[in-house]
Every structure is written in C-alpha cells, then in structure tokens.
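Reviewing the structure listed below.
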Amino acid sequence: MVTTEEISLKNELIRLLKDVNCVKFGDFTLASGKQSKYYVDIKKATTNPKVLKAAAKLVNYYVSKENNENLKIAGVELGSVSIATAVSLETEKDLLIIRKKAKEYGTKNKIEGELNPGDNVIVMEDVTTTGGSVSKAVDEIRAVSGNVKKIYVIVDRQEGAKENLAQNNVELIPLVTIEELGLNK
C-alpha cells in the first residue's frame, strides 16, 4: 500500500531531478549500446546533495520496512558510489564499493568494505536500461556468498532491466521511472 509519506518522498525526488535538468535530448549511445533520443545525465543528480539526500530518504523509507539483519549497501564504481554512500549514511548500514575490475596492487580487491558470507546486500544504481551493468555487480557479490535480492535505481528507463534482473532472482525497485519524469518509454 502506498502511503502519503512515500508519495511525498517520491514527488520531492522527481521535482529535484527535474530541477537539475538531468534529461537531455538528442542522439545518444547508452552504456547498453542502445541508441536513444534522450539521455539521463544522472551525474547532474548524483553530484547534487539535495538529490542524494532525497534519494537516500526514499530508500531508507523502503528499507526500514524490511528485515535489516546483516544488511550492507553497495554501489558500483563510479556512478553509484555517491548514491550508495548517501544511503549508507541515511540507513546507518555499512557501505560496499564494487570495482569494475580488481585493483592491480595492494589487496587486489574487487569489493571494498566488509562483506561476509550470508550478508544481505542492497545494490544501488544510478540509471538502468537493460540492467547489464548492475547484473555484473550482483554476480560479484554472490561469488563471495553475499545475498542480493534487491536493487534500487534512481531512474529506470523501463527498457527491460526489471525483467532481465528478475531472471536472476533480483527485484529492481525504481525510485523514479522515466514515465514519472514525463517521458514515454
């Protein structure tokens, strides 16, 4: 059931995303390789403290209603680290940073932060199209016996990510959809 608090938090995030003009129009190639007539320049949002705070509050609203035992918040470098950090601060849950490739020096870690077998992990993502990028992070976490059941994304372009991730037993929870930003899929 949707509450007035959820609606209020979501509407504030939508307003802030529009305020930072994060949707651009033109001809773009997305990370998925798809061509698009619009681009969600999410870095305009994820470098804005008001947007980060609003997104973190909305995720905390959702997370506070669930079992939070051994919960960690993960973000994939570079795009999702600021989001995951904001959510970690808001929820007071430990932060994990998932590298795209392992360090070639020191510990040579691919996952930074303390991840123990059996820990529950929520992965944060900035934008999803097909879900391919974030799916790799899920695989990395699961490879070391972490449990990933949910991914929270600031903006879902509604182009298959939800369905693709569901095939990997992961629920994609968009904080905002592209439709809610006023664009058709």
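Positions of Cβ are set from backbone N, Cα and C atoms, glycine also.
The following features are taken from Swiss-Prot:
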- Arg99, Lys100, Lys103, Glu125, Asp126, Val127, Thr128, Thr129, Thr130, Gly131, Gly132, Ser133: 5-phospho-alpha-D-ribose 1-diphosphate binding site (BINDING)
- Thr129, Arg157: orotate binding site (BINDING)
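Here the features listed in Swiss-Prot are painted onto the structure.
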residue: Arg99; record: 5-phospho-alpha-D-ribose 1-diphosphate binding site; DSSP (3 states): coil
residue: Asp126; record: 5-phospho-alpha-D-ribose 1-diphosphate binding site; DSSP (3 states): strand
residue: Gly132; record: 5-phospho-alpha-D-ribose 1-diphosphate binding site; DSSP (3 states): helix
residue: Arg157; record: orotate binding site; DSSP (3 states): coil
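For the pair Gly132 (5-phospho-alpha-D-ribose 1-diphosphate binding site) and Arg157 (orotate binding site), the Cα-Cα distance reads 13 Å.
Less than 8 angstroms from the CB of Thr128 (5-phospho-alpha-D-ribose 1-diphosphate binding site) sit Val134, Ile151, Val153, Val155, Asp156, Arg157, Ala161, Lys162, Leu172, Pro174, each of them six or more residues away in the same chain. In this view, the densest Cβ surroundings among the binding-site residues Thr129, Thr130 belong to Thr129, judged by other Cβ atoms lying within 10 Å. Of all the Cβ atoms in the protein chains shown, 16 others lie within 10 Å of the Cβ of Arg99 (5-phospho-alpha-D-ribose 1-diphosphate binding site).
Within 10 Å of the C-beta of Gly132 (5-phospho-alpha-D-ribose 1-diphosphate binding site) we count 15 further C-beta atoms, all protein chains included. Listed in sequence order, Ile42, Lys43, Ala45, Thr46, Gly79, Ser80, Ile83, Val153, Ile154, Val155 are the same-chain residues at least 6 apart in sequence whose CB falls under 8 Å from the CB of Asp126 (5-phospho-alpha-D-ribose 1-diphosphate binding site).
Distance between Cα atoms for Arg99 (5-phospho-alpha-D-ribose 1-diphosphate binding site) and Thr129 (orotate binding site): 20 Å, as a whole number.
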